[in-house]
Amino acid sequence: MEIPPSGDTPLTHFFEACCKYFRDDPPKGDFPVQKKSPKLCGSNYPLSIAFIVVNEFCERFSYYGMRAVLTLYFINFFHWDENLSTSVYHAFSALCYFTPVIGAIMADSWLGKYKTIIYLSIVYVVGHLIKSVGAIPSLGNQVVHVVLSMVGLFLIALGTGGIKPCVSAFGGDQFEEEHTSERSKFFSVFYLSINAGSLISTFVTPVLRGDVKCFGEDCYPLAFGVPAALMVLALVVFIAGSGLYRKTPPEGNVLLEVCKCIGFAIKNRLKNRSRQIPKRDHWLDWASEKYSKKLIGEVKMVTRVLFLFIPLPMFWALFDQQGSRWTLQATKMNADFGIYVLQPDQMQFLNPLLILVFIPIFDLGLYPLINMCKFNFTPIRKMATGMILAGMAFGLAAIVEVKINETDMPQLVPKESLIQVLNLAKNPVQVTIQDQHLFQQPTEAFQNPAEYSKLILNGEQQSLHFTLQHQGLSLGFNYTVKEKSVYSLIVFEAEGSLSSRLITDLEAKPENGLAAVRFINGLSQDVNLTVDSKRFIAIQKNYSVSEYMLLERDKYDDGRCITEAGEFTLDLGLLDFGASYTVVITNMSRGALQIWKSEDIKANNVHMAWQLPQYLLISAGEVMFSITGLAFSYSQSPASMKSVLQAGWLLTVAFGNAFVLIIAQAAPMAQWAEFVLFTVLLFAVCIIFSIMGYFYVSVDPEDLQEKEEKRETPSRGNMISLITQKTKL
């Protein structure tokens, strides 16, 4: 989540400096600047900023709303596995943080900020529309859906990333030079709109996905369509304020100049490796043949800070898993909060909510209290503390994952299977299986099995002899059992004799918190069942078994059962999160239908509220890490290089997401083990970062720049033997 600055802080000055860099001399041509723009309600705030703030709210609603349901879309709609879904999610997130570099170059070197926002917003809208259309089930096959969705996501990443570095700077451009205090407050309102859009969208879009049904399933077209509509509104609002904006022309991109300077220094040094050539104090001094002392000195300051950025992607690798791994974890938990059943992807709304709560608490309470204790809580220490908190959050996530796995089905290995006995007869039955030492005690009539028993086979499949002892009689049956399969042996009375049937059960919990239910018709006549208004099942008589049906967690007490004898009410009761049920229709008496329900796979018993501590920790870590990191970057670099550091900061987020993609694909492992791995990696990176920070000497950029200007560089006479490129001076 993006962090809003609060009040007159170094972070506010950071964005002011970025905007100051983007402002230009009086523009020419197609970039007229209004000297006096209309004011908002008689204040010193330009009326144009109202359009920019509304635009940003709608755009952030659009982006975060779409991203909130993205992982479940991959799993439920495309039926991808968790690792592939996580990889594509983080590939998209990484692309969203690589493309700001493209947007900044377009704005600074070619189109200007206004036209860049307009053109890339159109690309953004087209991406949303393609993404929404690709989620319509009746439109083509899965290949069509995947292609449309990937094209849509690429365009969205290009749009949202491209306008990211432009909108806030464009808002700062609207203020006149004498209204610096109003500009500072604008940035606070601007980033408040970001978090407001994120907070509302991450709560609303999962409701549109899960609580609204279209095409007989979760309504992903609506969940993507509403963010698309908000992005259209964002574009319309932004264009509506066109006549009020102060528009500045492009004047060249500092980021490109920095890259060229670094590239020239490296290339020049490699071409001049002779021992006869005098050494230089700093490797960037090898760019002095082409670039000015001032630029080289500023690049040196920037590279000092960028070097500290190297370990930072690991924090973002953990942080951005809220929308992937943590959402998948929530699908395996109990989401019933009593008054409201939360969708698993709705838990993400906690992050923007906690950010808005934590910022004033930290700024007005925690940090002053630490200062009162005479503890030197430096920016490096704050960022390291943020890393530790994020690592602790993943440690808690690992513990929660272990508790969740306790209700999972056992992991089967070759030559293993599972079996349980459902005794639907009137009296106890003793079941004996060839070469197996199971079921030492008789199975009572309609006894709900406590757990499955393990069968050990002698190959991939084996024919086993089952013996049933019932009221002094002994009956034998042969069934073929396959490895890594789960079975139920149903025992029943048919035509005055004991009989049995071996049926296949689910091998794992139903995904995404759904409940699975199947029916056994114990009547002597066929039945037609209606579980809800849209699901019809026909089951033949004499203990025929239906296929499994996946249902949302709910109480199902208004089902219907139609038989030759008439129509009856079917009351299944609560079908809970992640459980699997076998429902046996036993008989009809006094105009009512009697059933027996067995819970084959236990329901999710770990409540979703147990995710709250990990969200608290990682949100607190984000406040310490992100706000402090940006403020520290601001304080350690010259004013003309703020945009370069902002680009470097965004790239740390991109590389963090790319790292998650690599881990998910290259090293698949149990989820709890992956959480532990990320915890250990972040703690290790935190130690490295702390060591780097220990040796880092904080400086005042103005003082450092004066020293760089005073430092002597080799004269032209000492460079006769250098190999240099032909350049225009």
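Cβ coordinates are placed from backbone N, Cα and C, and glycine is handled just like the others.
Among the features that TrEMBL reports, transmembrane segment is placed at 61-80, 86-105, 117-137, 143-167, 188-208, 220-240, 301-319, 349-370, 382-400, 615-635, 647-669, 675-697.
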For the transmembrane segment (86-105), could you work out the same-chain residues 6 or more beyond its ends whose Cβ comes under 8 Å from its Cβ atoms? 63, 67, 70-71, 74, 80, 116, 120, 153-154, 156-158, 160-166, 253, 255-256, 320-321, 323-325, 328, 643, 647, 650-651, 653-658, 660-661, 664-665
Residue numbers, six or more beyond the limits of the transmembrane segment (143-167), whose CB comes under 8 Å of its CB atoms: 52, 55-56, 59, 63, 66, 73, 77-78, 92, 95-100, 102-104, 106-107, 113, 116-117, 120-121, 123-135, 137, 643, 646-647, 650
Do we see three or more Cβ pairs under 8 Å linking the transmembrane segment (188-208) and the transmembrane segment (382-400), pairs being at least 6 apart in sequence? no
For the transmembrane segment (675-697), what are the same-chain contacts with Cβ under 8 Å, counting residues 6+ beyond its ends? 304, 307-308, 310-312, 314-315, 317-318, 321, 325, 378, 380-381, 383-384, 387-388, 390-392, 394-395, 397-398, 401, 663, 667, 669
Closest-packing stretch to the transmembrane segment (220-240), where packing means Cβ pairs under 8 Å, from 61-80, 301-319, 349-370, 382-400, 647-669: 61-80
Is the transmembrane segment (647-669) packed against any residues at least 6 beyond its ends, judged by a Cβ distance under 8 Å, and which are they? 83-84, 86-87, 90-91, 93-98, 100-101, 104, 164-165, 255, 302, 305-306, 309, 312-321, 324, 629-630, 633, 677-678
Looking only at residues six or more beyond either end of the transmembrane segment (301-319), which have a C-beta under 8 A from one in the stretch? 258, 262, 284, 386-387, 390-391, 393-394, 618, 621-622, 625, 629, 632-633, 636-638, 641, 644-645, 648-649, 652-660, 663, 678, 681-682, 685-686, 688-689, 692-693, 696, 699, 701, 704-705
